[in-house]
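Undergrad: According to Swiss-Prot:
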- Asp81, Asp83, Asp85, Tyr87, Glu92: Ca(2+) 1 binding site (BINDING)
- Asp117, Asn119, Asp121, Glu128: Ca(2+) 2 binding site (BINDING)
- Asp164, Asp166, Asp168, Glu175: Ca(2+) 3 binding site (BINDING)
- Asp201, Asn203, Asp205, Glu212: Ca(2+) 4 binding site (BINDING)
- Asp242, Asn244, Asp246, Lys248, Glu253: Ca(2+) 5 binding site (BINDING)
- Asp278, Asn280, Asp282, Lys284, Glu289: Ca(2+) 6 binding site (BINDING)
- 68-103: domain 'EF-hand 1' (DOMAIN)
- 151-186: domain 'EF-hand 3' (DOMAIN)
- 188-223: domain 'EF-hand 4' (DOMAIN)
- 229-264: domain 'EF-hand 5' (DOMAIN)
- Asn131: N-linked glycosylation site (CARBOHYD)
- 312-315: motif 'Prevents secretion from ER' (MOTIF)
- 1-19: signal peptide (SIGNAL)
Amino acid sequence: MDTRRLLLCLCLWVACVVSKPTEKKDRVHHDPQLSEKVHDDAQNFDYDHDAFLGAEEAKTFDQLTPEESKERLGMIVSKIDLDNDGYVTEGELTAWIKKAQKKYVYDNVERQWQEFDLNQDGLVSWDEYRNVTYGTYLDDPDPDNSFNYKQMMVRDERRFKMADQDGDLIATKEEFTAFLHPEEFDYMKDIVVLETMEDIDKNGDGLIDLEEYIGDMYNHDGDANEPEWVKTEREQFVEFRDKNHDGKMDKEETKDWILPSDYDHAEAESRHLVYESDQNKDSKLTREEIVDKYDLFVGSQATDFGEALVRHDEF
């Protein structure tokens, strides 16, 4: 069963189940770290390798010779240079790093792609997605669940149209990725905020008041006294979430809550890589400048000799 249909079943099931009294729901989407390794170029470039390639792909480069590593890096450069002008800018490098860090997202989409691309044309239309996800309901509607399914289908169609940037109701793989994982794409952030507000706003006024905010993350049922974290969340709402202190969170206040503008690790790493590699200091990188600093970007057996010895000993 694919992720979206499983989610539909879970949504219907959850509606019938009482939550644990002290269970806390976290709706905040944080910008993840680029690597679990320490960023200390004086010791090694492991952090940079993980950031540029993703942790799993970085391991494969550690097993290549320097010549093989440079050759593969050269091929990667052409993918980073989106406008094909022969230069890699900080912006292009930031976009690449963010994409590398989202590999798990793209892998998830890849696993589902064939199931939705029914006519095998390399695209997924709204009709294809709707038929796969809601086909059973459309063929034989269940009156008891019809409202839930209809509501979710309308919501999915709205999100699909938002992800579909050219408006043809046919999604490329990138657009379909934005549809399934909207929190990962800047242009989809408004729909993430809207859906969150719809989930929490019980009185339908388009805003989130204190009780709705608390009610989304905490179920009072059977609890005589509120846990300490609930009291803290009440204080957070009054002092920080509700910025204009009108007793409710609007769209912008909700966005600041669930999509905080934390430190952008990808931008910082991009600036670092350009600074270290930009030989003529024109604030952009040529293919040659990047390949010359291959040990900073991707590594090889030579730059990861200690780990290579460990792997050899294991065999």
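Placement of Cβ uses the backbone N, Cα and C atoms for every residue, glycine included.
Walk me through where these features lie, including what they touch and how far apart they are.
TA: Within the same chain, the residues at least 6 positions away from Asp83 (Ca(2+) 1 binding site) whose Cβ sits under 8 Å from its Cβ are Glu92, listed in sequence order. Under the three-state DSSP scheme, Asp83 (Ca(2+) 1 binding site) falls in the coil class.
Glu128 (Ca(2+) 2 binding site): 18 other CB atoms within 10 A of its CB, across all protein chains.
For Asp164 (Ca(2+) 3 binding site), the Cβ neighbour count at a 10 Å cut-off comes to 20, with all displayed protein chains included.
Note: Asp201 (Ca(2+) 4 binding site) has non-local neighbours Leu207, Ile208, Glu212, i.e. same-chain residues 6+ apart with C-beta under 8 A of its own C-beta.
Taking Cβ-Cβ distances under 8 Å and a sequence gap of 6 or more within the same chain, Asp246 (Ca(2+) 5 binding site) has no neighbours at all.
Under DSSP, Asp278 (Ca(2+) 6 binding site) is assigned to coil, being neither helix nor strand in the three-state scheme.
Counting residues 6+ beyond its ends, the domain 'EF-hand 1' (68-103) has Cβ neighbours under 8 Å at 32, 34, 51-54, 56-57, 61, 181, 184, 264, 266-267, 269-271, 273-274, 283-287, 290-291, 294, 297-300 in the same chain.
The predicted model assigns the domain 'EF-hand 3' (151-186) a mean pLDDT of 95.
Sequence-distant contacts of the domain 'EF-hand 5' (229-264) (same chain, at least 6 residues past either end, Cβ-Cβ under 8 Å): 24, 27-31, 94, 183, 189, 192-194, 196-197, 205, 207-210, 213-214, 217-218.
A helical conformation is recorded for Asn131 (N-linked glycosylation site) in the three-state DSSP classification. Contacts of Asn131 (N-linked glycosylation site) defined by a Cβ separation under 8 A and a same-chain sequence distance of 6+ are given as Leu118, Leu138, in order along the sequence.
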Undergrad: Please report the Cα separation of Asp117 (Ca(2+) 2 binding site) and Asp278 (Ca(2+) 6 binding site) in Å, rounded to an integer.
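TA: Counting only the Cα atoms, the answer is 43 Å.
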Undergrad: Within its own chain, what residues at least 6 apart in sequence put their Cβ under 8 Å from the Cβ of Lys248 (Ca(2+) 5 binding site), listed in sequence order?
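TA: Expected: Asp205, Leu207, Ile208, Asp209, Asp242.
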Undergrad: Quick one: DSSP breakdown of the domain 'EF-hand 3' (151-186) into helix, strand and coil?
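TA: The counts are 25 helix, 2 strand, 9 coil.
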Undergrad: Given the binding-site residues Tyr87, Asn119, Asp168, Glu253, Asn280, state which is nearest to Asn203 (Ca(2+) 4 binding site) when distance is taken between Cα atoms.
TA: Glu253
